[in-house]
Amino acid sequence: MEVHELFRYFRMPELIDIRQYVRTLPTNTLMGFGAFAALTTFWYATRPKALKPPCDLSMQSVEIAGTTDGIRRSAVLEDDKLLVYYYDDVRTMYDGFQRGIQVSNNGPCLGSRKPNQPYEWISYKEVAELAECIGSGLIQKGFKPCSEQFIGLFSQNRPEWVIVEQGCFSYSMVVVPLYDTLGADAITYIVNKAELSVIFADKPEKAKLLLEGVENKLTPCLKIIVIMDSYGSDLVERGKKCGVEIISLKALEDLGRVNRVKPKPPEPEDLAIICFTSGTTGNPKGAMITHQNIINDCSGFIKATESAFIASTDDVLISFLPLAHMFETVVECVMLCHGAKIGFFQGDIRLLMDDLKVLQPTIFPVVPRLLNRMFDRIFGQANTSLKRWLLDFASKRKEAELRSGIVRNNSLWDKLIFHKIQSSLGGKVRLMITGAAPVSATVLTFLRTALGCQFYEGYGQTECTAGCCLSLPGDWTAGHVGAPMPCNYVKLVDVEEMNYLASKGEGEVCVKGANVFKGYLKDPARTAEALDKDGWLHTGDIGKWLPNGTLKIIDRKKHIFKLAQGEYIAPEKIENIYLRSEAVAQVFVHGESLQAFLIAVVVPDVESLPSWAQKRGLQGSFEELCRNKDINKAILDDLLKLGKEAGLKPFEQVKGIAVHPELFSIDNGLLTPTLKAKRPELRNYFRSQIDELYATIKI
């Protein structure tokens with residue numbers, strides 16, 4: 001065959017040939033082709049698309065050039081220069097709110113509700129008006145519009161908190177939050193340390209608590225209490241007797257309204273908040289947080305997530321995490337500078353699910369304890385093996401999409417399995433963020449699949465204004481806390497006594513950036529412990545760099561102790577492993593320098609224990625099971641199994657446990673207000689059980 005004949009043999013058909021061929025096809029065949037083409041086009045147009053990651057997710061942080069101590073920065077940044085501000089016109093909390101007024105076009109700002117009622121909203125300009133009235137009222141009462149003027153704020157989350165806070169910021173005053181879970185002694189300490197002469201309280205009961213301090217001559221500096229709710233004349237008289245003026249928030253507003261003072265906004269370097277952190281030992285420490293600290297941390301979040309999320313006036317935040325902590329403060333700052341709405345819960349955590357259904361938030365910040373409850377409740381309702389299998393199967397299918405970067409809530413599995421879960425949160429959540437404590441990878445991964453929204457995990461502490469690391473859009477894997485935020489550097493330093501070496505990519509997490517605090521109020525000794533001479537914040541957490549440039553928190557430097565044979569023990573690491581047991585709600589691992597082994601006090605999970613025990617042929621009430629020696633042995637065996645799977649060394653495993661039926665709590669003095677274990681108090685509380693275990697266990 002000639003070459004030209006070969007070409008002619010393989011030539012593409014002419015268009016006229018195709019037309020003639022199509023004309024010969026039956027109508028049904030043509031309709032089938034058309035339907036197939038339409039379906040293909042529809043699939044292509046509506047197929048789930050992966051979120052665009054802001055950088056190469058296989059290398060989310062990079063080492064700073066020319067350094068020898070392993071300093072790393074976010075790969076989101078174009079160079080080694082850290083982000084300071086995201087918006088040029090937002091450099092203080094005051095600026096952020098003013099931007100919110102503009103971009104919202106004076107839209108709704110703060111919302112609250114009464115029982116069984118819808119949310120009622122006040123606009124951005126109404127908030128600004130009330131804030132200026134309150135600030136002017138304070139000035140009329142003799143308070144100075146400067147960053148040396150501290151104003152106490154003792155309240156649950158509610159619109160008045162933001163209004164009072166903005167009133168302070170409008171005149172460069174500094175907010176000092178108080179919260180009742182601190183306890184009376186700690187509140188007295190803070191009032192004196194910050195020399196608070198005026199405190200805003202939401203309820204008369206809190207005003208009475210404050211008055212007790214003055215009456216007992218413990219807080220002589222306190223002169224004015226402003227109360228948000230209504231109160232009786234007896235409280236006014238009681239205040240007069242000890243030299244404290246009791247005034248309503250409305251009266252202070254009215255005073256400022258007729259004595260208006262032009263705002264005196266703060267500078268970025270001015271103090272904004274003195275956030276007292278509850279330590280596990282000693283008095284609270286007052287972290288001095290500037291406007292720049294807060295705006296810088298907000299800017300870091302916005303920059304890290306901008307490829308997939310930018311808050312807008314359509315967004316609604318549910319405010320229930322304490323505003324006395326920096327996590328919620330930073331989240332609300334991000335919302336306000338974008339003109340979004342903030343709806344407050346009714347003040348009762350038991351009504352939160354009802355508030356969520358009514359408010360239908362799009363932004364939902366959470367803490368691990370709430371996530372664990374959600375996870376347990378979901379699987380608790382899946383009371384048959386078939387239901388559990390379906391949940392697990394659907395979750396695995398959506399987890400495969402997550403690994404491809406796809407986040408959605410409209411898949412077949414969402415419609416069949418997860419719709420009710422999503423509806424329980426209002427049905428419109430598009431972003432969740434968790435922080436403040438470690439969260440189980442199992443829990444986080446499942447809820448990411450079930451809730452079908454962008455779900456970020458952050459890491460930080462009060463001293464770096466809430467966050468210093470954050471997971472990035474597109475990386476929905478669990479088991480790490482993300483990469484350094486674009487506003488700060490992170491490095492690891494050696495902790496030789498625990499065998500963590502920076503050269504091996506492990507060590508104490510240290511942070512440096514414009515989000516790092518200025519020190520502790522009137523406490524140079526503890527400031528020097530936290531901040532070194534080069535401005536690095538030493539967190540006390542042990543981290544490990546993963547191959548993709550993310551950070552994994554693996555241990556805690558504090559609370560380490562030696563056993564008799566000289567081995568170092570980090571009890572919190574062991575506790576976090578043991579908490580993976582289905583039967584366990586809380587665990588306290590204890591060791592002593594004169595003893596060669598560890599023991600633990602375990603509080604079983606009141607909801608999970610009965611079914612867990614039944615699978616092992618054991619029955620009884622919760623209290624009976626807690627006293628059952630067979631349950632004790634079964635729980636111990638489960639803990640040891642988990643420890644072995646997690647790679648604990650033999651000396652890191654407990655040799656015996658005491659089962660205790662009552663949860664460690666703030667009320668019984670065994671947890672701090674931020675739900676961290678008070679180890680000295682736990683040691684004293686369980687001294688008899690500890691002594692008995694050491695006396696009876698022979699190794």
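Note that Cβ sites are derived from N, Cα and C of the backbone, with glycine treated the same way.
Taking Lys357, Lys420, Lys558 one by one, Swiss-Prot attaches N6-acetyllysine to Lys357.
Within the listed segments 25-45, 172-192, Swiss-Prot records transmembrane segment for the stretch 25-45. From Lys208, Lys398, Lys504, Lys562, the position flagged in Swiss-Prot as N6-acetyllysine is Lys208. According to Swiss-Prot, of the residues Ser58, Ser233, Ser621, Ser621 is the one noted as phosphoserine. The recorded positions listed here (Ser136, Lys208, Lys357, Lys387, Lys633) include no residue with a Cα within 10 A of the Cα of Ser621 (phosphoserine).
Taking a C-beta cut-off of under 8 Å and a sequence gap of six or more, Ser136 (O-linked glycosylation site) has these contacts in its own chain: Tyr171, Leu255, Gly256, Arg257, Asn259, Arg260, Val261. Less than 8 angstroms from the CB of Lys633 (N6-acetyllysine) sits no same-chain residue that is six or more residues away.
Neighbours of Ser621 (phosphoserine), defined as other CB atoms within 10 A of its CB across all chains, total 9.
Within the same chain, residues at least 6 positions away in sequence whose Cβ sits under 8 Å from that of Lys208 (N6-acetyllysine) are Leu235, Arg238.
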